[in-house]
């Protein structure tokens, strides 16, 4: 039973537990500030393999993450649509969205980013959702017997996020320009796979991050055009009632999505 009363105490417990688990000779120096404790915790959680954890660890982790995540929640009901009543563009932290599902830009290993404190969306989503997501993803890979293919989609619970579910997809990685037709089609397939999976699970709404535009280096302008075109075509052709949020983080992406919708309206 989780009895720790503060998130700082919970962080210290989780850090100590992961440090003991590593079974190395490094001396653990516990930081004094919450921010430094969080960075140490996050780094340890990021690099931790997909191994079982104790019920006590889960209880402490869940109490802490759910409390921290509750402090910053963005409800879909408060967003203003950019087209019709079912398509939105929103700038902010996707992990704060209270929504049926958010989309995670995963890599082919499918275990979440394992680089300590890396600021990619894969890292942030796994960190804020909890260790259970990595364990679920590891089980998916174990069952299918191979790494995840580009353009496919899988779903896990959201655990400690405000989102009920996470849809994971692996986008194409761009190594040279111009972007090939194959990679354009693969990016479109990512969006289609996520939309189909959302409808198969009878979800009401889904939020997309900007798939492949980070370390996978897909040009942001092309990616925005493909995302908007693919989602609009799917909704029209299938008569899906899904509400779709295009989540952007940078000012540049916000402008690119607005421009894409403006061109679409012309």
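Glycine is treated like the rest: Cβ placed from N, Cα and C.
Quantities reported herein were computed from a predicted structural model and do not represent experimental measurements.
According to Swiss-Prot, the residue from 86, 107, 204 that belongs to the ADP-D-ribose site alongside 93, 94, 120, 121, 122, 212, 213, 214, 216 is 107.
Residues 46, 115, 119, 121, 122, 123, 124, 215 surround the recorded Zn(2+) site, their Cβ atoms falling within 8 Å of the Cβ centroid of 113, 118, 120, which are themselves excluded.
Around the Cβ of residue 107 (ADP-D-ribose binding site), a 10 Å sphere holds 19 further Cβ atoms from the protein chains shown.
Note on the binding-site residues 93, 120, 121, 214: the fewest other CB atoms within 10 A surround the CB of 93.
The Cβ of residue 118 (Zn(2+) binding site) has 15 other Cβ atoms within 10 Å, all protein chains considered. In the three-state DSSP classification, residue 214 (ADP-D-ribose binding site) falls within coil.
Around residue 212 (ADP-D-ribose binding site), the same-chain residues six or more apart in sequence whose CB sits under 8 Å from its CB are 105, 171, 172, 173, 174, 187, 190, 218, 223, listed in sequence order.
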